[in-house]
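Quick notes on the structure that follows.
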2 protein chains.
Amino acid sequence: MTPLPPGSTIGILGGGQLGRMLSQAAARLGFDVCILDPQENSPAGRVSKGQIVAAYDNPTALDVLGKACDAVTFEFENVPAASVERLQKTGARVAPGALALATAQDRLEEKTFLNRVGAPTVRFLPVDTAEQAREAAQRLGVPSLLKTRREGYDGKGQVWVRSVAGAGRAFRQLGERPAILEAAAPFTRELSVIAARGWDGRTAVYPIGENRHGGGILRSTLAPADIDERLERRARIIARRILKGLDYVGVLGVELFELENGRLLVNEIAPRVHNTGHWTQDGCDCDQFEQHIRAVAGWPLGPTAAHARVEMSNLLGEDVDRWEKLAGLTDVRVHLYGKGEARPGRKMGHVNRILER
Amino acid sequence: MTPLPPGSTIGILGGGQLGRMLSQAAARLGFDVCILDPQENSPAGRVSKGQIVAAYDNPTALDVLGKACDAVTFEFENVPAASVERLQKTGARVAPGALALATAQDRLEEKTFLNRVGAPTVRFLPVDTAEQAREAAQRLGVPSLLKTRREGYDGKGQVWVRSVAGAGRAFRQLGERPAILEAAAPFTRELSVIAARGWDGRTAVYPIGENRHGGGILRSTLAPADIDERLERRARIIARRILKGLDYVGVLGVELFELENGRLLVNEIAPRVHNTGHWTQDGCDCDQFEQHIRAVAGWPLGPTAAHARVEMSNLLGEDVDRWEKLAGLTDVRVHLYGKGEARPGRKMGHVNRILER
């Protein structure tokens, strides 16, 4: 795949903060960017050459986007397969590909795939009926976690099963949608790996981050995490297996559980730039956003070494009202997304605190 | 001056690469940006929320810009005084102010000001006639440099006077415009200081850079430069005197000559972000573009320490055709401006090479 020359146009499905930071990285490399998002005046649209205001599955919009762009990528994984196909027919490079998106859209497909490529996960069973929910709870033990196979993020679309008898109720609580029951992971830490793969199959992996969640939402990432070499190596191997197994192009986020016995389990993968990779903006020469654009555009991947230890903290909802105090801290870099309304839990920005060099 | 809250709009006169990088920095801090530039689809306009396509002195355009924006700044210094006045009347904060712009627009005013605030320059004399040109050459000696008082950049609008008899010819060569004759500076190095000042009078100064020019155009900057502490301190004092003398708000570039005897002379000042400050993008936590936006918006100034030694090289004209090779160098960060035609000498982009940490 020949690298796209500067002046080419890159399309991004999704106009939120990830699209915004991708667009800025693309512009730094001399690319023009066109956003597709149903919301007018989106955070990404406001820093891009153009925005098409339409639904993600609008065939005309996809045709226009694909024809206007030399490559198209996504800020989220819930892209309909038909949209990807439609884009590919316009002749634009589309990355990551349909396989990666389809795999990440379905928790059952995802975990099945992960185990197949040697990326260990918790034990899991498919659940399509209340009866199956009870059976699965019996086999995996309780507490266990019932999740819808599709959609759901930041802790939505999942419910704890605390007794075998309660499994059916949990299933109904999720709307009787196709689901997956996952054994509880007695993890001591949540880690994540941000990794990239180019069209040529080369990979690049950033140092591992350690994450803290609260209320199902990522609160902070500390990177490079304080982990031993063996674990770091293991995490990198897992990331590379996933990238290769999906014939992936772009940046991918891999969330991991570290168990007490030192084992690593993959919690989930995100076929896109990832909130736990925002620290790279101020900790690495080439951040995850530039890395993704490089991969999609067929450029050589950039360096991934950290030049600083960084603690990234999300600004959720009213957290952003602290901008004035944060702006005055010399060890803190402020990144705001240009979103209007600070609804509770909404990701309004993040800060990267430089801890050491 | 209360700091502008995120979500405010910042206006920038000028849609070239400096406006583009300023716009990107502003967006990172949650600001919207509106560009004013006569050229449609300008490099900065393509990464900004809006662009007004009009001349810089178009009264209606200035009114619209000023009313749409909470603060307005510039990517260049040749802004008509009337435009600044017009903008100020709309109620928008305008920075840097009229004094800084007027001073930097006229080489005679500039050098007179510099000497007044204790920032030494070469000796100079005003030249308004061919006769004055000869007299001045007699007094300052030859070779000396005749420059138009206004306009002229990258070596344009100036000519060497190599004999007293030839001074009149030099004056006619420059179109008999008001000029200034400057004594030659037998400098050993060209240095520059990028410094900032906020509305509250606080200042921040980046480490000194060492510049190489070729054909009157900046080729590269190495920073932090290899200079002794005494010189560094001296350069910083000079920069602070200038900032204070102009009651300056924003980032200012100060070009210096280092003489063999260790003295520093100010060559010229630029009341804006400066090409010799591009290294800060990859060598500092808070680059000159964010620093300028912080100052203009009334935010506290950011840190200026270097975390890497960087060599910035401009990509002029066809240099940009080397993008593919440059993109593959892991110690090189590529910054391209999205300009179409690579005319000879045109600034198409720059690269920052990380030399050491």
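Keep in mind that glycine also has a Cβ here, set from the backbone N, Cα and C atoms.
TrEMBL entries are annotated by machine, without manual review.
Classification of A:Lys156 (ATP binding site) by DSSP places it in coil, neither helical nor stranded. Within 10 Å of the C-beta atom of A:Lys156 (ATP binding site) sit 11 other C-beta atoms, taking all shown protein chains into account. Annotated ATP binding site per TrEMBL: A:Arg107, A:Lys147, A:Gly152, A:Tyr153, A:Asp154, A:Gly155, A:Lys156, A:Gly157, A:Gln158, A:Glu190, A:His213, A:Asn267, A:Glu268, in sequence order.
If you look up TrEMBL, you'll see A:111-297 marked as domain 'ATP-grasp'.
The Cβ of A:His213 (ATP binding site) has 13 other Cβ atoms within 10 Å, all protein chains considered. The local packing around A:Arg107 (ATP binding site), expressed as other Cβ atoms within 10 Å of its Cβ over all shown chains, amounts to 25.
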